[in-house]
Amino acid sequence: MLAALLAPAKAPAVDLSAHMSLATGALWLGLGCAVAFFLVRPELWRRLWLERVDPRPAGLFRIVFGVVVLWTLLDLIPLLRFLFTDEGLWLPAMARKNYGGELRRLWDPEYGFESWWSVVPALWAKFSLFHLRADPAFVWAVFGLTCASVTAMILGVKTRLSTLLSWFLVNTFYSYSPVFYSGGDTVLRVFLFLGLLTRWGEAYSLDAWWRRKRELLGGSLVVPALRKIPAWPLRLMMLQLAIIYCATGALKSGLTWFDGTALYYALSLDHFYRHPVQIQIATFLHWIGFLPLSTWVTKAWETLFPLALVGVALRRFEREVSAGTWPKVQAWRRLLSYALIAAVVGVLAYVGGLTAWYYYSPGEAPVAITRQQAQALVVAGVLAFPALLLGAYSWLRARRPRAHAWVLRWLCGKRLWLGLGVVMHLVIDVAMNVGTFVQVMLAVYIPWLSASELDAVWRTLMSRPLGEGEGDRPKHKPGWKASLLRPLDRLRYRGPREPYVVHHAADEASIRRVALLRMWDLGARLRFETDPSVPAGALVIVTPDVKTRQAGAEAGRALVPILPGFWWLYPWCLAPGLRTLAGRVVLRTFELR
Amino acid sequence: MSQAAEQPASRLADALLRAPAAEDPSDEPWAYRGWAALLVSLFILYHTVALLQHTTPAAGLAERFNRKLAGFLRAGAYMRATSSVQSWAMFAPNPHRTNQFLQVRVVTQDGEELDLLHDIYGRRDYPYFFYDRMGKINRRLLEQERYQSPYAAWVCREWARTHGGEAPVRINFTKMWTKVPPPDKAIATMGFDPFALKLYKEPLKGFDCATTPHAQLPNDIRARYGFTPLPDGAFVDIEENTWRDRADAKARILQRRRAADAGRGKAPAGKAARGEDAAPPAEGGAEGAPGEGGGAEGAPGDEPALANEGGNEGGGADGGGD
């Protein structure tokens, strides 16, 4: 595979037959060694894939990703007739013939399926309901059903079933024909399948809420916990994102990515820019060197993105070593696993060297070396690179703890790789219209977050900036420096806001009902006080800004800003007639009054 | 009575309202054990290797390995079945350096030629807020010519649908493009007006509405709109070769064989001895009649093969796109 990447995109035809069999055998050996590594070290495989993790990042991903899927679907409404109905681009027979996979052989428009079991191979190949029937009424009905199932998936209603249905129905649209695909659609399809494998309904879902509510009201002595979920689908999502970026970075092999003009051209294309005036801005940014630099950073960032995965693994290793939980294995297993890794590197070096020998042309190289020398250089490079990396890491770890920490936190840290990605995609969205590509790419960053990071996000959202000199926040002398630092300090130094105090009756039923509020209180803004003056089952709130007791629908409405699960009600609270209704929705959710 | 009811309310309130949130009570660190762990592990291994194989270019010395691995894993079928077919050639190997547009014109029964304004050249409203997939499709028609015939067929049908069922005569395509000036030229004028760039034009192959497959509004849709049906034979269909077509073809072959056998029995001995009619017609359309090719999978000769079952499904796979 390395050879494939090393081979130039449009390489001249070279007769490789003399070494093809040898290289093929070597690559099989390399693959075998990689698999054998995990057979020798199964504890690493278990850590990598089979552990259980907090379900909250997966739950948030389901909601955000689901919203992007729904948005993409709704975006298709103006083209629904053109793309999917028999009054559009394809009559079903043509679409079936070109894109129907096995269905075109297994199904006859007049006689149906050849046999009942023909449905199985038809489904196994690409399958779209519209290959069977595509009149406008049917297409619109399927579209409505798709939107409903995606909405159920977002809300977490019968999540496994609604995800399966969403995957099937969304693919009914995508499998009909690929003529309208963009990069964002491909990301969407790929991650929807991975979502199907994920138990992403265990948090932030109505399913989880109903289960926990039932347990709490049924007599549980603690607020029921969220159930942990298998980590492997989330890890596959991380691997998938790394592949997307690495592949797209490696394939950007044209001249414009090396001479720094690629972004200038991309921003100047009629099909993408948001306004033609941007061309002047792009030209200026190219002139001052910003765009060439951004071009190189983009290519390097994309190609090297898998370093973020390395960082995740290294931080886990260091954390477990510190905690003393990293598994100790027998020396022979450890040595054998090292030998297997060395064998994989050896195979890559061998095939890489051969590739250099075949494709290197001495006449075109900047430095005059022979083919044999080029081959030796590549072999030495591929062998030395991992050894150097490992040596440097070990040296830093032993001798330079601060630099080692910097490598873990920054060079291989999520803050660099994901942070740069967020900035890059936001800039793309401002400057170019590429549909929901940006939104789906940002959504698929969520599986990279840990539960504690997500908790920190909620607490930050619910916190307030500390005043100058308050807590850890430094006090700067007035001047331009202070003005520049102020916004950063406001983001960095945060403190908890005053709590909302929930007054409740002392009976068991009232306690259990107000305890339900804790499941929605993601930013830990609520404090509870038993108050004999509050009637059983009633909700009374004292908010930090109003300071007076609010009861009934008014209390319910007061909770909307601090309970993220009710943020969708916020616009209602602004409309005078609907404020009370919004409050009642909150009260009904917790069976309070 | 619940267990908790026996406790003082304050202890219950402490437990439910003030204690730290409970953790998942199961202390099992692993999601699976035994056979379940093995099965899930095999699936993860399979998916990972298939994904790496699918996204790595099959080129150079890795070509045969890549191909054999794909065959061994049936990676293509798996990727299609799971709708995970992907290609990530976004702005690769280079972003486009030309703006391309396909002008679509229709020739009516009166001989008039009208521009249908399907291309976005000079027609987009700015700021460009709402994503316009038609712009992308218009560009894709140029990048992947196989879409031109179905698109022309649709234009014919759509014209008929919106003009009382009367089809136009022909659809003509013209490729139009402007070249984005290189940065050094743009810097000299600090930008450029994209609509002042020279517009190049090149006429492409056109399509007749009477002979292009599926370019005629079929009778079921005509009935939907109350149009008179097409004359017999006017609709140019495509060969589908379904299981039923193959079964019919086989039945016809068998029938002919039986007829030949029966004829041989009645025929003079000399004729049978010479072997006339003895050889069965070869399957695959040896009879010359289209659609009789038992088991033949290929597209009929006059139908451009649009098969896109393999890898070219990823967004942006069409060279430098988005």
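A Cβ is built for glycine as well, from the same backbone N, Cα and C atoms used for every other residue.
As recorded in TrEMBL, the features of this protein are as follows:
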| type | residues | note |
| --- | --- | --- |
| TRANSMEM | A:23-40 | transmembrane segment |
| DOMAIN | A:50-355 | domain 'HTTM-like' |
| TRANSMEM | A:60-84 | transmembrane segment |
| TRANSMEM | A:137-157 | transmembrane segment |
| TRANSMEM | A:164-181 | transmembrane segment |
| TRANSMEM | A:236-258 | transmembrane segment |
| TRANSMEM | A:335-360 | transmembrane segment |
| TRANSMEM | A:372-396 | transmembrane segment |
| TRANSMEM | A:416-446 | transmembrane segment |
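The transmembrane segment (A:416-446) makes no contact with the transmembrane segment (A:335-360): fewer than 3 of their CB pairs lie within 8 A, with pairs spaced 6 or more apart in sequence. When each of A:23-40, A:60-84, A:164-181, A:236-258, A:372-396 is scored by its Cβ pairs under 8 Å to the transmembrane segment (A:137-157), the top-ranked stretch turns out to be A:60-84. Distant neighbours of the transmembrane segment (A:23-40): 1, 3, 16, 333, 336-337, 340-341, 343-344, 347-348, 350-351, 354; these residues of the same chain sit at least 6 beyond its ends, with a Cβ under 8 Å from one of its Cβ atoms. Scored by C-beta pairs under 8 angstroms, the transmembrane segment (A:335-360) has its highest count with A:372-396, from the stretches A:60-84, A:236-258, A:372-396.
Remote same-chain partners of the transmembrane segment (A:372-396), defined as residues 6 or more beyond its termini with a Cβ less than 8 Å from a stretch Cβ, comprise 2, 6, 314, 345-346, 348-350, 352-357, 360, 362, 365, 403-404, 407. Counting Cβ pairs closer than 8 Å and at least 6 residues apart in sequence, the transmembrane segment (A:164-181) and the transmembrane segment (A:236-258) reach fewer than three and form no contact. Proximity of distant same-chain residues to the transmembrane segment (A:236-258), defined by a Cβ-Cβ separation under 8 Å and at least 6 residues beyond the stretch ends, is recorded for 5, 8-9, 61, 187, 190-191, 194, 197-198, 265, 295-296, 298-306, 308-309, 312, 421, 444-445, 447-448. On the 0 to 100 pLDDT scale, the domain 'HTTM-like' (A:50-355) averages 95 in the predicted structure.
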